[in-house]
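> Before anything else, here's the structure in question.
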């Protein structure tokens, strides 16, 4: 059987958790292939609202085995706090499986993340301060600590001491902070060893064997395309590859086994943190989208920057991810606003760009070129089929589909699991 990958098509917070929750009940495994506890999901099940950070949204699907893949960086304290919080509400979160090759976020990663952001001041990237970037940096520098390392105390101690030889020089001499004792870090990791042990698996083997047996695997990407370290608005990006290609790398599932690439995209656009945002609104409509859409970051609590739909970004995301389908979310937020602007191209210093500009400098100077469509006034939160939507809402969806270069198979008309219109069920393609 083949695999499905879910990818955010904008700057995150598109509603990937809802998509995973809906499809997660139809698959055997739900895998988070990248990121850490810096990417939040909000899932509404049975009227209950769940805010997830490190765990995949599939943790709430009883039929699926949730997996943290090798591309994830794991903060063990955050992991077990999240598990305990879910189980206190009746969820069976202890069935989680974790790749032995996933990297761990150490206390010194978090310290360095916060110190470096303060040091940069106005030049700060706007990270969550959770140590994700420094953990990925150590992974690439080959001085990272993996899940498997905490089961061999001598290796763990050696790796921690080697890492702190470098980190303490930075903390003391560059940032005027106290050195971190290696033993404190070792004890921190060892305190979670026994609880972690039954969860650890050779994920690459188990997932590929599951596919060989005809089972379904869903990969739930964190963050989004425009935050990808290679394809996003660098340097205002995350430290991993939350695109379809990154899902293959971060799970150990080969790219030829992925048959459906499902992009999650809002009916408008949002962004958290610093960085260019061509359609950003600074007027009453920005406040309206923020308030009506509930645009507050799950992880940071920061208000999201809001703007109109950007089809240039959508086309770019379609291209770099090879999207086969789109899941459009929050269509209901646009009800009753009169006219809806859609960005169809950019103007950069008097030149029209229908696709992404070549350089980030040009993107920073991009001004949106809009076309407008009439909004609808009818309540759409109870619509179950595309035909039940008002004609103006149908027209808007079809125009986004045309501009984005990919069919829109799912439409979110409210936060609930059942408030989703299915035009095409991607599970039928498997």
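Placement of Cβ uses the backbone N, Cα and C atoms for every residue, glycine included.
Annotations per Swiss-Prot:
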ACT_SITE  13  active site, proton acceptor
ACT_SITE  41  active site, proton donor
BINDING   12-18, 40-42, 304, 330-332, 412-414  GTP binding site
BINDING   13, 40  Mg(2+) binding site
BINDING   13, 14, 15, 16, 38, 39, 40, 41, 128, 142, 223, 238, 302  IMP binding site
BINDING   298, 299, 300, 301, 302, 303, 304  substrate binding site
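Mind mapping these onto the model and telling me what they sit next to?
If you draw a 10 Å sphere around the CB of residue 13 (active site, proton acceptor), it holds 29 other CB atoms from the protein chains shown.
Within 10 Å of the Cβ of residue 41 (active site, proton donor) there are 28 other Cβ atoms, across all protein chains.
Other Cβ atoms within 10 Å of the Cβ of residue 15 (GTP binding site), summed over all protein chains shown, number 23.
Cβ environment of residue 304 (substrate binding site): 13, 270, 271, 272, 290, 295, 296, 297 lie under 8 Å away, each six or more residues apart in the same chain.
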> Would you find the one among the binding-site residues 12, 301 whose Cβ has the most company, meaning other Cβ atoms within 10 Å?
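Of the binding-site residues 12, 301, the most buried by Cβ count within 10 Å is 12.
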> At 10 angstroms around each C-beta, which of the binding-site residues 42, 128, 223 has the fewest other C-beta atoms nearby?
42
> Restricting the comparison to the binding-site residues 12, 40, 301, which residue's C-alpha is spatially nearest the C-alpha of residue 223 (IMP binding site)?
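Result: the closest of the binding-site residues to residue 223 (IMP binding site) is 12.
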> Considering the binding-site residues 18, 302, 303, which residue's Cβ sits among the greatest number of other Cβ atoms within 10 Å?
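The largest 10 Å Cβ neighbour count belongs to 18.
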> Cβ-Cβ under 8 Å from residue 413 (GTP binding site), same chain, 6 or more residues apart: which ones?
331, 332, 380, 381, 382, 383, 389, 419, 420, 421
> Between residue 303 (substrate binding site) and residue 12 (GTP binding site), what C-alpha distance do you get in Å?
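It is 13 Å, counting Cα to Cα.
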> Between residue 41 (active site, proton donor) and residue 12 (GTP binding site), what C-alpha distance do you get in Å?
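With distance taken Cα to Cα, residue 12 (GTP binding site) is 10 Å from residue 41 (active site, proton donor).
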